[in-house]
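Just below is one structure, and these are the notes that go with it.
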Amino acid sequence: MSVRPCKFEVQGFCSRGRNCKYSHKYWEWPLKTLMLRQNYMLNRIYRFLDTNTDAMSDVSGFDAPQRTAEYALGTIGVLKSYLEKTNNITKSIACGSLITVLQNLDVGLVIQARDSNTEDTNYLRSCNTILSYIDKIHKKRQIIHILKRLPVGVLCNLIQSVISIEEKINSSMKTE
């Protein structure tokens, strides 16, 4: 075992375990190295406490300024703007607002809307696709990644079907 401090341990955490040949004993380290480790640790804490970044923006690119567009236009407004190519709505913003719409949809109402119109096969297919996305919604990072990888045409068709199904559900709720 060397007396030299492990550079990975100085920067945070050494994942080599017993295979590491360098010193992990802090009391043997020189003061300069201890100060350097303290600086790394404080920077890491500061990075995690920074309010400008959050987990959702790290994964999907769907950060705070984009969520304000959703707040101003509404989730359906963002989706319609993406379809019409207005208001400078990007694919990641549309995927994020699509997820919020899917979270707000009730599975039972979507199944009821699907069963009410059994003649149209395209409508049945889109309802089943929406139900499968609703089932996967508990894995938010994964579903954002899946939606962002969809081709633009497929994503636009999915958005149109979600909007039409949501409007049908809302109109049936208002009549009852």
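Cβ coordinates are placed from backbone N, Cα and C, and glycine is handled just like the others.
Taken from Swiss-Prot as is:
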ZN_FING   1-27  zinc finger
SITE      Lys7  site 'Involved in RNA-binding'
SITE      Phe8  site 'Involved in RNA-binding'
REGION    31-48  region 'Oligomerization'
MOD_RES   Ser57  phosphoserine
MOD_RES   Ser60  phosphoserine
REGION    75-169  region 'Globular core'
SITE      Lys91  site 'Involved in RNA-binding'
REGION    125-161  region 'Binding to the phosphoprotein'
SITE      Arg149  site 'Involved in RNA-binding'
Seminar exercise, completed: Long-range Cβ contacts under 8 Å made by the region 'Oligomerization' (31-48), restricted to residues 6 or more beyond its ends, are 5, 9-12
Exercise. According to DSSP, how is the region 'Binding to the phosphoprotein' (125-161) divided among helix, strand and coil residues?
Worked result: 31 helix, 0 strand, 6 coil
Problem set entry | Which listed residue (Lys7, Lys91, Arg149) has most other Cβ within 10 Å, given these are recorded sites | Lys91
Exercise. Near Phe8 (site 'Involved in RNA-binding'), which residues of its chain come within a Cβ-Cβ distance under 8 Å, counting only those 6 or more away in sequence?
Worked result: Cys14, Ser15, Arg16, Cys20
For this session: Pop the Cα-Cα gap between Lys91 (site 'Involved in RNA-binding') and Arg149 (site 'Involved in RNA-binding') into the table, whole Å please.
Result: 10
